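Colleague: Below are the structure tokens for one structure; questions will follow.
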């Protein structure tokens, strides 16, 4: 009687047999289906030579090919796939035509975690850093495809065609069976793709590789919102109408993080304004934290002693609790992530390192708007983020910096430092931005800031009483200037937790900060008592408030009114002169850009501005 075989052999005997073998007998296909699309079915398979599990992709030729031209096109694309070698492009091993069964088969690497869409649905809590890593990998693959001559266009990029190895955090672009090579005119002439991810120019049948950037933006939108783009539409015709009309998916408005939203908007912008994959890879949004620049500021030590000084609500989007949101800006230990000896850009004071450190980043939204991000970290490693748009036509660095100082409990001297950093960021995008503008307008902004505080007091009081919109723990509030911001620390809670700032000497300070109990005629603003101008001190003609530094200052109302009116007239005239000069500069630029194709003007202007800024910096002693 033969001996009983070990259990391991029984398991081997139960292994499924190959349903099909390739002509070389190297690859065997199982019946297990890994995925299925409109034209293609993906089976689990095995490479007997290397001992690897692989994916067997099978396309029914009769389903998509009607003539020899179509067949030759697919053959050429399959041959193309064999030449693609990149870490973020799916590996292609072999292919052949099965005339008997009317199939085209090709073997690719298999992925343990399925598609990016499946992976994202499975893992609900993903940090924004992970999304950035995925984005960098996808864009890296697109850079490789688009750098071919002529470029390779995917034309059907979506989360269902991006694959994941979850144990390595690795993503790769796949399903390149629909890719095409651009002709000599560098444009394609066929509509192929998924409507939700198709750029407007695809419908016009005149497009280039930038359609993949649009699709990438829609992929990122789906990853952030868990919604298919244009899910509000019930059919492809409705999607086509919205896309043709320039209407963005409704899910875009649901994104709370303004940085994420603006980055997606860059990707799905009009073709003439859309950035390339290489340009997007260099975008500040995707930059590693190690590339950030840190500016130490002299902190208000009196204010920092307050119990809640590191948790105050500051700016338009504030992330305090790093564990409270699934997709968020990481605010972990600042000391561990960003050693100050490597990243400090400039130092105002030898003791500055013991105070707050601020990171300044910027993104150009359009010709008139720059999105600024300030990250403030204290000596304990706690960090706070402020996001706000800067309108180069309406805002000045001094006005924004003055408001920030009040919100952040910094010293009055820090106004100039913050303004200079804002100016530096703006000049990175607009080299001819007038540095002296902030100095010239400083007096005007300071004078008006007092009036604005007085006039806006009633308005902000009403806003505080209104039911605020709440989403994911963030409460929408308003600054005195009218700007909106979002905070997970409602204003009234902060007012109760912060101690008021005391001046270093007795009496009224020049910046209007009073000692506690010096007067009851103050309004608490994020822990800082700000002296509001007395209505009688506001000139009725000019509306400019004068803040007295001593009881005897400006006793003569006529002198005050005369000085105020003359000063306002002068500042208004200077501002108009700057506006005229800015308009002239803009017109001069437009004249030169007429020699550049319209779809390349924005890209050319941005590139030349950066070069001009580099030249200006190199010319400085």
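Glycine is treated like the rest: Cβ placed from N, Cα and C.
Annotations for this protein, taken from Swiss-Prot, read as follows:
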type     : residues                : note
DOMAIN   : 28-286                  : domain 'Protein kinase'
BINDING  : 108, 109, 110, 111, 158 : ATP binding site
ACT_SITE : 175                     : active site, proton acceptor
REGION   : 438-490                 : region 'Disordered'
REGION   : 501-520                 : region 'Disordered'
REGION   : 527-553                 : region 'Disordered'
REGION   : 600-621                 : region 'Disordered'
Colleague: Secondary structure at residue 109 (ATP binding site) (DSSP, helix/strand/coil)?
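Modeller: SS state of residue 109 (ATP binding site) = strand.
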Colleague: Given residue 111 (ATP binding site) and the residue listed as 'active site, proton acceptor', what distance in Å do their CA atoms have, once rounded to a whole number?
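Modeller: A Cα-Cα distance of 13 Å.
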Colleague: Given the model, what does the mean pLDDT over the domain 'Protein kinase' (28-286) come out as?
Modeller: 86
Colleague: Residue 109 (ATP binding site) to residue 175 (active site, proton acceptor): how many Å between their Cα atoms?
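Modeller: Pair distance, Cα basis, whole Å: 12 Å.
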Colleague: Measuring Cα to Cα, how far is residue 158 (ATP binding site) from residue 175 (active site, proton acceptor) in Å?
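Modeller: Residue 158 (ATP binding site) to residue 175 (active site, proton acceptor), Cα-Cα distance: 10 Å.
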Colleague: Would you kindly give the Cα-Cα distance separating the residue listed as 'active site, proton acceptor' and residue 110 (ATP binding site), rounded to the nearest Å?
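Modeller: It is 12 Å, counting Cα to Cα.
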Colleague: Give the sequence-ordered list of residues that share a chain with residue 175 (active site, proton acceptor), lie 6 or more positions from it, and have CB atoms under 8 Å from its CB.
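Modeller: Within the chain, residue 175 (active site, proton acceptor) has Cβ neighbours under 8 Å at 37, 40, 156, 160, 161.
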Colleague: Return the count of C-beta atoms lying within 10 angstroms of the C-beta of residue 111 (ATP binding site), excluding that atom itself.
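Modeller: A count of 22.
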